[in-house]
Amino acid sequence: MAQLNGSNGTGLLYKPRQYQYEMFEASLKENIIVAMDTGTGKTQIALLRIAHQLEGGGPRKLTWFLTPTVALCLQQYEVIRSHLPAVRACTITGLDKVERWKSQYIWDELLKDKQVVVSTHAVLFEALTHGFVRISQLGLLIFDEAHHCMRRHPANMIMLDFYHPTLRKHGRDSVPCILGLTASPVVRSKSQEMKTLESNLDSICKTPQVHKQELTTYAHRPELLPIICKAIDEGPGGRALQALEHAWDTADIDGDPDAIPQNGSLLNGSGEYKALMVRKTLCNEQIKRFVDRSRHIFAELGEWAADYYICTSVEQLRTTIRDQSLTMDWEDEERAYLSNFLSKLPVAEVQANLADPNNFTMSPKLAALINFLDKFDDPEFSGLIFVKQRVTVSVLARLLSLHPQTRDRFRCAAYVGMSVGSCRQDMVGDWHNAKKQRGTMDDFRSGRKNLIVTTSVLEEGIDVTACRVVVCFDKPANLKSFIQRRGRARQQKSTYAIMFSTADEHGDLRRWQILEQAMVEAYQDEERRLREAEAQEAVDENVPEMITVEATGAVITPDSVVTHLYHFCAVLPEERYVDNRPEFSFEKDRQGLIKGTVILPSCVHPKVRRIQGKLWWKSERAAVKETAFQAYRALYEFGLLNDHLLPLTKNPEMRPTDHTTLPSLLDVSEQYDPWTDWANSWSCPDVHQMRIALESNGHPADGLIMKLIGPTNLPPLAPITLFWDRDTRLTLSFDVPERITTVTDNCIANMRTVTALYIQAPRSRNLLNNDDFVTLFGPDLPSTELADWLLRNAGYETAHEAYSRGTMPGAMGIIRDLSRYDEPFFCHRWIESETGLIEIECRPIPRRRNFLHPPALDNGQADAIVESEHGSAKVHMVAAESCTVDKLPVSTAIFGLFIPHIVDRLESTLIANRLCATILCDVGFADIQHVITAIMAPSAQGVTNYQRYEFLGDSILKYIVSCQLFFQNLNWPEGFLTEGRTTIVQNPRLTRAALDAGLDSFIITKALTPRRWIAPLISTRVGAAPVKRQMSAKVLADVIEALIGAAYLDGGHSKAQICTHCFLPEVNRQPLDIPSLITQTEHGRTARHIIDGDLQRHLGYTFKNEDLLIEALTHPSCQHDQTTQSYQRLEFLGDAILDMVIVPIIFQYSNKISPGDMTLIKHAVVNANLLGFFCMEFSIEQDKTKVEKTPDGRFAVKSETQHVELWRFMRFNSLDLQTSRDAALDRHRRLRNKILTSLYHGPSYPWQSLSQLYADKFFSDIVESVLGAIYVDSGGDLSACERFLEQIGLLSYVRRVLLDGINVTHPRNIAQRLSKGDALFNLRRVSDEKGRSMYRCTVTMNDAQIVLVEGCQCGEEAEVRAANETIEFLQRRQEVV
């Protein structure tokens, strides 16, 4: 029993033709029998109907697909399995021993979770007869080869005994819908047959009418040819046949096993005795059938064929006896009797003659066939030969494989179907082997076989490749056979041949000639109707419609609207496997007038996707115009066209008015200088101060508490960390600012003097020409005590004076060597020589003045504060007589080294505060440090810069804009949304927004250079003329994204939204109320009931509106469901949500990860191939029920668990997509273990394996679309989205990348780094020897090729493989060097 357990999701992988849609829609209105030629796609109509039945809602009922044969049953099941991969379907046939299923429990368990059952008619009839299945359980009953529903056939008995009685008793709702499929509704050419068939099936027989012209393009009628052969001359036959007939005539019945007495002698007059007397025993019946078959082979094929058949059959029997010699049961005795009987035949002598290649004695009929086949020498040949008896099939196929005229031209095979009947196989002469022929039809479809000899089993139903030649070795039995066989020859310019003997040439041939003439007349009549239709199309009908837009004067008329409608569809995003052209279909009324319907691509909103014309027309041309006009007007009224009547995608609503292209380098405002305001404030100061404390490695430094004084309110300052050396970390902490109530001018003057003293103390030269500092510093003393403090600490003394007072080195001031231009030193100790010369052992003040960053190398310098001793420090010996000693102690003097850092921090804080008070006044930042970071350009070389925040803000901006566009433009297709988002978030738009807002003046680009630092002065700031600076356009865009990231960190999505609005007014100020927007949207009528509960549980989310999940699983190629939009909109939203979930995780992990590495990690974990891999891996567990035979001969229901992957739920209509999907799944099976090992145990990201996987985009699209669906249904709950990403395994891998430091650098980047940029990659698309597109990548260095990679399926694979080989090459070369 074949089974397909999946979800309830459906999707057709074939895009139906218009005439198939016509028949499908007719089947929705009433029960019909679809009558179309073989090969025109009747099964596709059934698939459409099945999909509609599953998605139609209402009570859950079974769809039962009935076929006349087991082979056809298995074939149709495979069609359903491939076209509707997620449907739960199964087959029930005689191969399952269904006749022995005698328990209701077995049937109930098997069918409880099934949606589609495929079986033969007899299976369903017996199940209904015994009450295991009730007609009321069925929702749709499909009769393949519906012409069988006549007389006492099981197909008709289903209708007679169950359907019609239930219909009469309980009404139409109690019986299933009926869909019949046939190529020949009339079997015996009787006019009454069609009416009888319609009555039996309670259906109307229909063929396409409106789209008949399209149907004719797919129904190629063959040329009908007779093959005339001489009449069969019944002769005595060959040596083997004559010997066989003689042995049969003279056989001694006493040796027959049935003649041997068992349990006593046979009683005279018993049944066994009578059978024995008339030679009706088993063995004699076997021999008789063998003789009859041999005689038939001789008559049909000739002496050679009959001898070959007899000899081969005898050898097969002997082989069977040898293989079963150990089990001598009654059947073996029968075989032994037959073998002994046949041993009288001269097999060895006949076989010797058969080996002679010149001894092909053929019948006239076979000779005529071979001569006919000899005319065909086409490498693309495919043909069928229909014969009457099964025995002829195998022998003729073998003969054609051996004959000199055919053996090298045709690849022959035999096919007689899968059914073995209820009787056991004959022991002699029956060559049928169901297992050997199981792959025959696949071989024929693939071209491995090109000529099949068969019986009537291939007349109908079974999918057979369109043939070049069809030969009837025997005349068709009836009109049905004639039509069915003719339908197999449906290649263009095909041939349909019927063999006749000269004996009946004037009888039967005339009958077929008359029939052919009738067919020709029908063809001619059809051609006449087509010419009449073409003439009707030439009639110019006036379509009086017009669309006018007064605001622009735009006008569209019916004469131009078709072109415009095609243009609208053409500018929609191109999608692989999808044809975006509009599809027109038609219907006719009783007067023959036509009304049109147009269906737009599935990415268009369902409300305007299917538009019907309003009027009836004489010609299709006029109907197309009027229908296209109605569609275009609907698009305009729906908001998908602008006032110029053009698609919004070429002129989005939110496109900025200024389209000027900005250069990459811009002249922008100079960096905002807060000291200008402070300089002006000193004219009327409101003096404030704050205390500054110094700590060293977490411990307070004695005596180092200073004050910062300003002319206005001071902003709170964050602590400053300074790196004195590798082992010493200093921290400057700032107290809360406070106002100084009374400050005299004299005090301010003293403060300026103190500030000058601090700044000058650690420097060698007096760099100060003025002391009108904007910022002032002083000791932690009342302002009234500054004068005394200056007396004690200002100035200097000679080194001898300090030495004579016994001043200890640690309490001394800065030592200045007068012989070296007052170079400052730290005093380490006094040294007095034997001659009385006083020297000072000194150590230099650190030359490194920027203490914001740790030193690259340990310079080993010590200072008096930390009292560190380093033997490696550079020591200077200075004579005391050439030195002076500053009065200001070293412990206080070094504060002058920190003033540039304090002023720089104060400046950046004032700039950030000014930005928050102006442009960002509505945001309300709580932590100004976020703003400082966001506006700090990398060129400023600060402790932080905007790059990390920009990484975060980029995803937040994308998320905010995507959500707004998605929810505020529910009518927009994905292409409009994507272009709208790109217009808003692209760098040129952000750059223009930054300039318009004046953000350029707040971006900090000046680097702090303490060695050349000059304190800001009042005199240089007041009246300074504004200047310009140059800045990269990208920096302006980056800072906006960084500020959005800063706002998010400061106050979540609400502040990020406000911040975005400050720069982009088209973005809402407040986040959308998603729950209220969801409740406003209409729930569709799509198949919510088909969504599997197991799937939702495994997704980690249960949908309130299951339509969203169905939409998320609907590929753009899915055309059969016109009420559900494709997943593209949800995929657009999910793409942004994926970033919004992943990026914060990466950002928050550690600030030690560089922005560049964060970007590499993000790109690696959201890589489409990785998402596609997780999609292939993600599956749910479902129970599968099947019936198995137990050892005691009973039947039992067995349940087992199987995995159903997420991709199976995707709904689509594309054969190409299925082919690509299956190829990708094959690659997945081949690469799966390698990829899993790399993901969960390897040190590096599996770039090469994932590129070889080459997962089609729709695999990753499903992940993103489901993510979008969860977000919408949950009302914008990102945590629900996180749970889904956790379920598929993505978040656990992200954590592993972060925790284990997985190397995610792309191999090409590594190769470029190792080669120092000298490796040049050249990627080309080429064709292989079979004409398939492949990729080749070469790598050259210094004009020499070092790597060549070929035969890759995609450019990514070629490039990655080439990069890895380049890395190996460079590493080997380095080892040699």
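Cβ atoms here come from the backbone N, Cα and C positions, even for glycine.
The annotation in Swiss-Prot ties D1261, E1264 to Mg(2+), and of the candidates under consideration, E1131, E1365, E1368, E1375, the one tied to the same site is E1131. Here Swiss-Prot gives motif 'DEAH box' for one range in the set 144-147, 312-315, 528-531: that range is 144-147. Averaged across the domain 'Helicase C-terminal' (368-531), pLDDT for the predicted model comes to 75.
It is D37, among the binding-site residues D37, E1131, D1261, E1264, whose Cβ has the fewest other Cβ atoms within 10 Å in the structure shown. For the pair E1131 (Mg(2+) binding site) and K42 (ATP binding site), the Cα-Cα distance reads 34 Å. You'll find the Cα of E1264 (Mg(2+) binding site) roughly 39 Å from the Cα of G39 (ATP binding site). Per DSSP, the secondary structure of the motif 'DEAH box' (144-147) breaks down as 2 helix, 1 strand, 1 coil. If you measure from the Cα atom of D37 (ATP binding site) to that of D1261 (Mg(2+) binding site), you get 39 Å. Across the domain 'RNase III 1' (914-1052), DSSP helix (H, G, I), strand (E, B) and coil residues number 91 helix, 8 strand, 40 coil. Of all Cβ atoms in the protein chains displayed, 22 besides its own lie within 10 Å of the Cβ of T38 (ATP binding site). Compute the center of the Cβ atoms of E1131, D1261, E1264, which mark the site for Mg(2+); besides them, the chain residues with Cβ within 8 Å of that center are Y1127, Q1128, L1130, F1132, G1134, D1135, S1260, I1262, V1263, S1265, L1267, G1268. In the three-state DSSP assignment, the secondary structure recorded for T38 (ATP binding site) is coil. Across the structure, D1261 (Mg(2+) binding site) and M36 (ATP binding site) place their CA atoms 38 angstrom apart.
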